[in-house]
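S.K.: For reference, the structure I am asking about is given below.
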Amino acid sequence: KGQEVVKLSPLPKRAKRTYLAMDKDKEVIGYVIPVFRALMEAQEEDVAEEGINYVAMRNLFVREARESVDVKVEKKTRTKHVRESAERLQFDRTLKMEEWSEFRKKMHPDRLTHPPEFIVKPRGQTAWEGNTVRLHCTVAGWPKPRIAYKNNVLIDAKAHPEKYTAESIYNMHSLEIKCDFLDTAQYYVSALNVKGEASSAATVVVKDGFCPEHGVTFETSIIDKFEVAFGREGETLSLGCTVIIYPTVKKYQPDVVWYRNTPLKPSKWVHTHWSGERATLTLTHLNKEDEGMYTLRVNTKSGFDTYSAYVFVRADVEVEGVPVAPLDVRCHDANKDYVVVTWKQPAVEGSSPILGYYIDCEVGNHHWAQCNDAPVKYARFPVTGLVEGRSYVFRVRAFNKAGVSRPSRVSEPVVAMDPSDRARLRGPLAPWTGVIKFTEEEPTGVVPGEPADVVVTEATKSYVVLAWKPPEQRGHEGVMYYIEKQCIQGTDTWQRVNSGMPVKSPRFAVFDLAEGKSYNFRVRCCNSAGVGEPSVPTGEIIVGDKLLPSAPGSPVATRNTDTSVVVTWAASKDVKHLVGYYIETSVVGTDVWMPCNNKPVKQTFVCHGLTTGSNYVFRVKAVNAAGYSQNSSNSDAVVVLAAIVPASPTNVTLLEAVKDYMVLGWTAPTNNGGADIRGYFVDYRTVKGSVYGKWHEMNEKALTTTSFKAENLKENVFYQFQVRAMNMAGVSNPSVPSVGFECKEWTITIPPPVGLHVLEVRDTSVVVLWEPPVFDGRSPVNGYYLDIKEASAGEAGWKAVHEKTNKKKFMKVTGLAAGTSYVFRVRAQNLVGVGNPSANVGPILAQTRPTKDIYVDVDDNGVISMVFECSEMKEGSHFVWSKNYQEITDTSRLTIVTEGGSRAIFNSLSLEDLGTFSCMVTNTDGVSSSYTLTEELLDLSHEHKFPVIPFKNEMAMELLEKGRVRFWAQLENFTSACQVEYVFNDVIIEQGKKYTMKFDKTTGLVELFMDSLEVNDEGTFTFNLVDGKAKGTTSLVLIGDFRELQRKSEFERAEWVRKQPHFVEYLGFTVTSACDVLLKCKLQIGNIKPETEIIWSKDCIEIAEDDEGAEKIEKKDSELTFNIGKWINKQEQKKGGKKPSPKDAPLPPRPKISKQDAGIYEVFLRDERGKDKSAFNLTEAYQAVMNELFRVINSSCDIQIHSTEHGIILSSNVTYYDENLRVGWLHRDAKIAASERVKSGVTGEQLWLKINEPTEKDKGKYTMDIFDGKDGVKRVLDLSWEEAFEEFQRLAAAIAERRARVVGGLPDVVAIQEGKSLNLTGNVWGEPTPEVWWVKNDKELVSDERYKLKFEHGKFASITIAAVTTADSGKYALMVKNKYGKEAGEFTVSVYNPEEEGKEEKKD
């Protein structure tokens, strides 16, 4: 079906033109629609070659001008004939010129191309399955369009030649499809070129064709099934089944597929075979990866059938104690020089825990190289440094203290290449889009831009993996990358990680990081042009270990077969990226643990290969990439025996009936066979008189409740029902068939309750429980009635247990006679009335079993737990706790521990936990008990949780001498760890000036002393005591009689003060207007005697009379002051104590206080009557003193303006300036930045701002902001521009007049002949007389024999050069300078030689 080259024979001159476009060699080049018909006759032999455009357009648009016309005979005169001939010639000449002009326009190259257009569109077709469908279409366009086919996805005919065949000849395109039923779809044909795109659609419908199996319903049976298999690593294992397909159809074969989670594909490890009757799967060289559930699925047109069994692979070790080899080695995220290798940890660690893993890479043939020098613990490792384009395989080995394991099975080969290249090689080529982009050629040598989106994809203890996107600006050559890191803790510098060799992949693993430290990473691109800018950093990354999973919940083992047990467990609560679980088992009493699985599984697993009759326990551990969790607690021991089916359900009753359905209810079987009931199946049959129909299944899926709605029944027909229960072992025998129920509308008000059962059977009581009706009836249920009768009584013996409705779904019946059997039933009530009674439950014998009741335990921490012990536990029994007879599923309030018995521990007991708690033991004869939790238990828990410290004497108060107040209390029982907290009005008070505390732990006496009672001391004083968990509180309220008590205290205090020297005002500070800092206090004058001592001290060091500080102390009347900043003339001591005269004494410095003056100043009064003390801590109050000092300083004068010849000065004087005082200047409310032109500073007590060479921009409001650390003061000045600026200009002009300058006398250029003498004089001016010097080429000249320099009368400066030479040529300058400025008079000297110039002219 290859395309044939078609050639057409030459066209005759008068032949009718075809629509096929041809070139000069008669080759078809396209199929077009003619735009117009030429009226002139084509003359091919007269047309010269004018290029391909002319030839193509000629064949496209030129056609025969004349058509055959009917011949009409008309008789004309000669005159008329001549006139018509002339008019026709004129018309033909005009028409030909117009058409020729139009033709030449169309021959323009820009008008040659046009978008695709469908001449013939594809048409929809309907075909039989197995036939072939061909879709045709014809497309015009220039350049020649490209064609693509789609049916939801792109069709690649070359990739699927067995399915599709595409042809394109003469712009006629076709797609041939070999149809099957799935090919029914809408197919799209798209034509594209540079001018645009066009598409068309056609629908293909494929119908089932006739085939031998058409209309046949196949039944599949799988026999000779393979059982659970066990193999060892390295062995070969075969699985097989015989498959019978009925009926037998010649040449029909089913689709046989093998699964292990996913369909298995043939490989060197897996071989499948189908002989037509038997399906075989062969696993060569078994490995742990081959362990799992294997499923055979046989697919036919009528359905499918499956069979599954588990295959276990045992792992052996070469050296005793070494770990088993890892498994499931895979490669991820492969790139140019980088790949991530992952694996799963083995089930057996050996004699010691696994210390790490080694990763091997195959280099060459059977040559393995180790990838990591140091072992890694994390089951995920990035391998770097790969060679681009090379294929690699990997394997992993584990090691512990005993040695190294065998290597794992090798991974699938992976090629080190860019992911985009890999995707392009895997997938089909993309269709031609018809869009051609012309971009400007980028210059070579472009430095790449910065990478984007740098993120940390993995961060473990061993390494950190970075990923990023390549830069947009990279030029035409490839880029490589440098990685830089920054340790955030300790340094701000960036360190290049791979300085030796840049990487090619946008992935990189950084090793050798310090655990627990924070790092920052960034990436740079590089190529031959250089290294680009760094990317945006990743942000702080903390290096640390991944979290290990938490231990799983306790496993539960349940019987399955005589060699297997089903193990279930609760999932690990704290786990990330869980891989699975490993189960281990041990025979009770051996303490030898063996693995049940060598490949991680999920939460339920069937452990096979156990010994029948042996007693086993199980434990589970979780595993993720970080490692193993702790082992779970051991399961309860279980004897390996086959589980039995449950007993049959009972009491099949009708709960509600409508026209076409009935609601059934039944009682669960009393014996569940040792395993939980998993569901129920309902069967039915019709009953007509004494004729019974066949049993049919009502439900295919097991029911989880003891009720069922049987639908699609016929009205007024009688039905019988039977129910079967199912557990893990199988389905029970059916229940006793029910009586015949007629399917018709009930007229009762409400259906009866269901699921009656009893718990806690005792001699005189029993608890009856039930479930609400399946349907409420005409209105919701609002209560229940419980009826009782003795089993021996008839129907007349029924009586109500209670008169009022019970809204709960349980009731405890009391007052029973021991040894008597009773029957119970329940009726529901709604707004309409009371419904029919439920099915009876009983007879129940009122007899107490030898079972302990629930008892309550309260520990020392006040934690309450309920304990229930059972001696009748059986295999598979477990405890079920309920609150108000509803099973507890939320364990946030309770923690249940099962050890021997069952203990329910309250996590945080509160009022919401009050109620009736019960516990039932499954798989027993109704063993249960309950306990009602009341508020009394809350109080008991509180007493244990919060014990109280006893007091021998509660808090009391008494007045002491000097008006002091004593509060005291005495403890009875306490320990040495007892602590006291003193509280006044709910505020903790501490030892200080006002309070003194004492606690004598030998006598238990607690005391609090106060020097006096003040008005704000009215309130409640409390002692809070804590002794371990015990607490105690005693309080005394001083309210009501407080005023009388205060007066007594003040009287005692006044009497004591009156008798001794004391301070009226204690030591404080003040700042004078002269900024002197004074410490000041006042004395009681009438109480001071001449012999009363007044002593000053600083930092506990007394200030003696001969000390320097003694001169700062002054006493005036009752006031004592200490002037901290007072200046002391130290020369007094040198002159024998005589003060120098004011003329001889040096001037005192400005007032000053510094941190050297900080300390604790104290003043003592002392005589025989008593003493008093006043102290001031200047260290703590230093900032307050400075704030007050700054406040006084800020009371300075306003801003003053002063103009100079250099600019304008703003200033303000302060009384005192301290270096801690912050001063800022603002211009138009904006902070002024310091510069060469604008400067600010402080001189003495003057704050100033200098504006050099002011301009119009400097005009406006100026603000001086003085900040003292607490408050600020602002001085505002609106600069009067005219006056200040005029003054500045006046002063500047005056200075300019006196500035040194060169007035004249010097030329710009001096041309002088060689050998002549040069003498120049310049006039200078300046006041004072300026300094003068001469320079040549920026070097100063010195007066000597060659250069004679003179300066006369302060006005004339001259230079004389005798016999100048060409070396004297250059730039000269006369420099003048005085204190108002300097200036340079520059000129150029050119020395020439006439003879040399004449020679040059002759040469020219």
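All positions are counted from 1 along the displayed chain.
Each Cβ is built from the backbone N, Cα and C atoms, and glycine gets one as well.
Annotations in TrEMBL come from automatic prediction, not curation.
TrEMBL feature annotations, pasted as is:
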type	residues	note
DOMAIN	116-205	domain 'Ig-like'
DOMAIN	212-312	domain 'Ig-like'
DOMAIN	325-419	domain 'Fibronectin type-III'
DOMAIN	450-546	domain 'Fibronectin type-III'
DOMAIN	551-643	domain 'Fibronectin type-III'
DOMAIN	648-746	domain 'Fibronectin type-III'
DOMAIN	752-851	domain 'Fibronectin type-III'
DOMAIN	843-934	domain 'Ig-like'
REGION	1131-1154	region 'Disordered'
DOMAIN	1312-1390	domain 'Ig-like'
S.K.: For the domain 'Fibronectin type-III' (450-546), which partner among 116-205, 212-312, 325-419, 648-746, 752-851 gives the most CB pairs under 8 Å?
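M.R.: The stretch with the most contacts is 325-419.
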S.K.: Find the average pLDDT over the domain 'Fibronectin type-III' (450-546) in the predicted model and report it.
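M.R.: Result for the domain 'Fibronectin type-III' (450-546): average pLDDT 81.
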S.K.: At a Cβ cut-off of 8 Å, and with pairs 6 or more apart in sequence only, do we get at least 3 pairs between the domain 'Ig-like' (212-312) and the domain 'Fibronectin type-III' (648-746), yes or no?
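M.R.: Not in contact, no.
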S.K.: Provide the three-state DSSP residue tally for the domain 'Fibronectin type-III' (648-746): helix first, then strand, then coil.
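M.R.: When I sort the residues of the domain 'Fibronectin type-III' (648-746) into the three classes, I find 0 helix, 47 strand, 52 coil.
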S.K.: Tally of helix, strand and coil residues over the domain 'Fibronectin type-III' (450-546) according to DSSP?
M.R.: 0 helix, 45 strand, 52 coil
S.K.: Where DSSP helix means H, G or I and strand means E or B, what are the helix, strand and coil counts for the domain 'Ig-like' (1312-1390)?
M.R.: 3 helix, 49 strand, 27 coil
